[in-house]
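Q: If you scroll down you'll find the structure; I have some questions about it.
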């Protein structure tokens, strides 16, 4: 009865009376207006934004991410001939603490291309990478070995696990992130296949930040810089510098986490394969 009375007072429901049958409000307890009750009903506190944000942070499965953004050989305004496949020339990765927003470790190596050893003028202008820089770089195979050692040390130091590496925590608490699926799904996969390089299995699953960005913000950015600008961030460094792109991707991830976005693996090339933790740790 109390709920019905309150609903009437708030104008949510109406009672229709036959002519002459309407009671005197002064004598009808259900029709009498109790200001204290309405005030009390309107003052029931909703969950604060802070509490909702804390709850979503608690639901976030990853406390760390590894942001990767390869730079590769490229040519202007034309598809390269069949023998001109894109080769990685910059291999950057940054380990980002999503709780603090800080970059805690970096991996950065320039890679020597073998299939197209001479960089195009367009590639140099776009990436800022000079010919002498890649000439003194290392083969991709060597860089992957060095990266695996770096990854092992950083994960051990923080007790981190990647997705599918631990049966008791299949999600892990750290994941690779990229902007689109190109870096791992196309560039690295194709080059390793062509050159017979053993690609670590942990490169087979990652988070495409662009996919989650589009879903969360209901906005389709025209490029990465536009994505940053739309959420109030400015690109820091040089665009198409792999290490700068990776750092800005980490900053965007932290912003999205603060805004309440939840992240999960968006791409898994080997969905039924579990990682061998000994290969990483």
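In case you wondered, yes, glycine gets a Cβ from its N, Cα and C as well.
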Q: 69, 71 bind Mg(2+) 1 according to Swiss-Prot; which of 226, 244, 245 goes with them?
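A: Only hit among 226, 244, 245 in Swiss-Prot's Mg(2+) 1 site, alongside 69, 71: 245.
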Q: Of 19-52, 87-120, which span is tagged region 'Disordered' by Swiss-Prot?
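A: Feature region 'Disordered' in Swiss-Prot: residues 19-52.
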Q: Quick check: which same-chain residues outside 69, 71, 245 lie with their CB within 8 A of the centre of the Mg(2+) 1 site CB atoms?
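A: Output for this site, in sequence order: 70, 90, 92, 240, 241, 242, 243, 244, 246.
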Q: Could you state the whole-number distance in Å separating the C-alpha atoms of residue 240 (AMP binding site) and residue 183 (Mg(2+) 2 binding site)?
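A: Between the alpha carbons of residue 240 (AMP binding site) and residue 183 (Mg(2+) 2 binding site) there are 13 Å.
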Q: Determine, from DSSP, whether residue 72 (AMP binding site) sits in helix, strand or coil.
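A: The residue in question, residue 72 (AMP binding site), is strand (DSSP, three-state).
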Q: If you pair up every Cα among 71, 72, 240, the residues annotated as binding AMP, what's the maximum separation in angstrom, rounded to an integer?
A: 10
Q: Beyond the listed site residues 71, 72, 240, identify every same-chain residue whose Cβ lies within 8 Å of the center of their Cβ atoms for the AMP site.
A: 69, 70, 74, 89, 90, 123, 126, 127, 129, 242
